[in-house]
Amino acid sequence: MNATLQLACELIARPSVTPHDAGCLELLAGRLAPLGFACERLDGGPEAARVSNLWAKRPSALDGKGPDATKTIVFVGHTDVVPPGPLDAWTSPPFEPMQRDGRLYGRGASDMKTSIAAFVVAAEEFLAATPRPAIGLALLLTSDEEGPSVDGTRIVVEQLRARGERLDWCLVGEPTAVQRAGDMIKNGRRGTLSGRVTVRGVQGHIAYPQLARNPIHQALPALAELAATCWDEGNAFFPPTSWQVSNIHAGTGATNVIPGDVTVDFNFRFSTESTADGLRQRVHAVLDRHGLEYQLEWTLGGQPFLTPAGTLVEAVRGAIHDETGLMAELSTTGGTSDGRFVAQVCPQVVELGPPNASIHQVNEHIALADIEPLKNIYRRTLERLNAQAAT
């Protein structure tokens, strides 16, 4: 069993369902400290739902030679996993890693414990060959990515910003591939903005509508207008901004009562062509134009970010091509990731990981044939960035 597979199995065997880490970070710190990483726990959240966070950093050989001399790459990942669901639906227990049919099975195999293992082993190999690198290496790992994402990467980034930590490049180990490791990488993500609007009416007997005011009937024209609105046209990197309703709730359950209010949950996935403030204003304008009595609460889950062609994108795509012969497709599709937090303090963010077809599913797995190439792509990326920094 190679080193990457072995470490991936050790991580999968720890049942780290959000927000619990189940000892994953302790295991990883034990691998990183002998390499010269200063490992710091920056845990957060209430005691009842404590989140485990690890910040590990190894300086470059150029530290102290001026503020612009040293560049640092940070790997961002999460040790937490989603619940496994019904255990009897799994062919093998979710926290007992199993190899069969050319695959490694277990919760977290593709999202994203194998990515973490691959980067740690890549760092070990890179530092063995280059003990005095021209770049700094760092890892930011959390047990709060699959859950609220409040006390994980977000608060660590806030602390790093407060103390002036410089981050130049970021690799996020999210499962981005489609068929095989390296065929697709994410060089950006859409922003996410959620709203909950409650439209007020007047409750009454359904046989006497003249004595009531049906909030569902009042809200429907406004919802239809919002659904038909073209928010933007997107651009070369992003599809057009999308507005979708996720939940509608009204009524008491009785069939003879006009409800007093209706609550609608909706979400924007927005491109860099729109802003959160602009979208909020446009929604309020529609609701006001329809004369609704309403209350609207907003939650901004993350701003969009984009890393255009540049040092990191070129290094990653070059590493992928050297290892696999593929020219990776650049994409901004899919959901959000912790890259949205790091993008606030790091100008170049790329997400690179294994195929995502089985994530969050029963019998989650990764092809054994993808594990070593992923590790090698990470190592080759470090080598390329180091060579450029050394010149």
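From the backbone N, Cα and C atoms, a Cβ is placed for every residue, glycine too.
Since the structure is predicted, the reported quantities are computational estimates derived from the model, not experimental observations.
Marked as active site by TrEMBL: ASP80. A coil conformation is recorded for ASP80 (active site) in the three-state DSSP classification, outside any helix or strand.
When Cβ atoms from all protein chains are considered, those within 10 Å of GLU145 (active site, proton acceptor) total 28, not counting its own. Per TrEMBL, active site, proton acceptor is recorded for GLU145.
If you look up TrEMBL, you'll see HIS78, ASP111, GLU174 marked as Zn(2+) 1 binding site. For GLU174 (Zn(2+) 1 binding site), other Cβ atoms within 10 Å of its Cβ number 28. Secondary structure from DSSP puts GLU174 (Zn(2+) 1 binding site) in coil.
Taken from TrEMBL, the feature Zn(2+) 2 binding site applies to ASP111, GLU146, HIS360. For HIS360 (Zn(2+) 2 binding site), applying a Cβ distance below 8 Å and a minimum sequence separation of six or more within one chain yields VAL82, ASP111.
As annotated by TrEMBL, domain 'Peptidase M20 dimerisation' applies to 187-294.
Each residue in the domain 'Peptidase M20 dimerisation' (187-294) gets a DSSP state, and the totals come to 31 helix, 38 strand, 39 coil. Within the set of recorded positions (HIS78, ASP80, ASP111, GLU146), the lowest number of other Cβ atoms found within 10 Å of a Cβ is recorded at GLU146. Note: the Zn(2+) 1 site is recorded as HIS78, ASP111, GLU174; in the same chain, GLY77, MET112, SER115, GLU145, GLU146, VAL172, GLY173, PRO175, SER337, GLY353, ILE359 also have Cβ atoms within 8 Å of that site's Cβ centroid. If you take the Cα of GLU145 (active site, proton acceptor) and the Cα of ASP80 (active site), they are about 7 angstrom apart, rounded to a whole number.
Same-chain residues that are not part of ASP111, GLU146, HIS360 yet have a Cβ within 8 Å of the Cβ center of the Zn(2+) 2 site turn out to be VAL81, VAL82, GLY108, MET112, ILE359.
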